[in-house]
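Annotated features, as they stand in TrEMBL:
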- Y148: active site, proton acceptor (ACT_SITE)
- Y158: active site, proton acceptor (ACT_SITE)
- G13, S19, I20, L95, K165, I194, R195, T196, L197, A198: NAD(+) binding site (BINDING)
- A98: substrate binding site (BINDING)
Amino acid sequence: MLDLTGKKALVTGIANNRSIAWGIAQQLHKAGANIGITYLPDEKGKMEKKVAELVEPLNPSLFLPCNVQNEEQVKSTFETIHQKWGNLDILIHCLAFANKDDLSGDFSQTSRTGFQTALDVSTYSLIQLAGAAKPLMTQGGSVVTLSYLGAIRAIPNYNVMGVAKAGLEASVRYLAAELGPSQIRVNAISAGPIRTLASSAVGGILDMIHHVEKVAPLRRTVTQIEVGNTAAFLCSDLASGITGQVLYVDAGYEIMGM
Ligand SMILES: NC(=O)c1ccc[n+]([C@@H]2O[C@H](COP(=O)([O-])OP(=O)(O)OC[C@H]3O[C@@H](n4cnc5c(N)ncnc54)[C@H](O)[C@@H]3O)[C@@H](O)[C@H]2O)c1
């Protein structure tokens, strides 16, 4: 029943084979979606090469550079989607960034520029990409973003990223309210801690993972593929009545009081 055949899906946020976005892209592809990929370009073209090799088995019909802090690149990404695909069905927002200095130590010492960077890349980008996708989602659509428990609880070292994720979850609700009449659904997946490039910047991430393995009802943390399965579900007709929600894919950790 989970069939995404013919759906055009743009996946952002693949950096390597540990990326949550990579787990999502694989599961969307498995469900039949036509995949477009964006990557964060660097001067030497290293990321482009690495991501291109990784995603080759998915046969992406679009492969585009898109730094969300670069208005021109975002504009050009959606112009290309318009030209090559005509419309868009699925947008996966799976990216975040904060300076390493702001992901450990005292939250009260967060710098203004660190705050602006974290919120710009990790929160505003959802609003920006959903706004650009809206006119292309002419047959309805599904937007999925990635959040973390630090949005609603104080997690050691997560600091400014917790504020960014709180803003992200609020943005999910506002976007869902605005885009619902166009049959565009907007949801977040709050994933348990997974070892990735981004999470390695958070102080004590391994301790967080070990703690979850001890305490979560399923006595483990989750995989990128499990998050990918949930994203595929949220993008499918099976989730046609779900919008504005934060769905926990965290082996149940969120329900525990101790
Ligand atoms: N790993 C975890 O434990 C965990 C848990 C819950 C939520 N998340 C969220 O999942 C998402 C994906 O992170 P991940 O853990 O897979 O790490 P990751 O490092 O693999 O992915 C982060 C991505 O963000 C991209 N990015 C950073 N700045 C960008 C910019 N300016 N423009 C475009 N792209 C940019 C990077 O290129 C990278 O592909 C993030 O939103 C993260 O907060 C991660």
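Positions of Cβ are set from backbone N, Cα and C atoms, glycine also.
When the Cα atoms are compared, Y148 (active site, proton acceptor) and K165 (NAD(+) binding site) turn out to be 7 Å apart.
The Cβ of K165 (NAD(+) binding site) lies under 8 Å from the Cβ of S122, T123, S147, Y148, G150, A151, each on the same chain and at least six residues away in sequence. Of all the binding-site residues given, namely I20, A98, L197, the one with the smallest number of surrounding CB atoms inside 10 A is L197. When the alpha carbons of the residue listed as 'substrate binding site' and Y158 (active site, proton acceptor) are compared, the span between them is 10 angstrom. Counting only residues at least six positions away in the same chain, the Cβ atoms of R18, I205, L206, I209 sit under 8 Å from the Cβ of R195 (NAD(+) binding site). Closeness to ligand 1 is met by G13, I20, Y148, L197, these being the recorded positions among G13, I20, Y148, K165, R195, L197 whose Cβ falls under 6 Å from the molecule.
Cα spacing between G13 (NAD(+) binding site) and Y158 (active site, proton acceptor): 19 Å, rounded to the nearest whole number. In this structure the C-alpha atoms belonging to Y158 (active site, proton acceptor) and L197 (NAD(+) binding site) are separated by 15 Å. Of the residues the record lists as binding NAD(+), namely G13, S19, I20, L95, K165, I194, R195, T196, L197, A198, the two whose Cα atoms sit farthest apart are 18 Å from each other.
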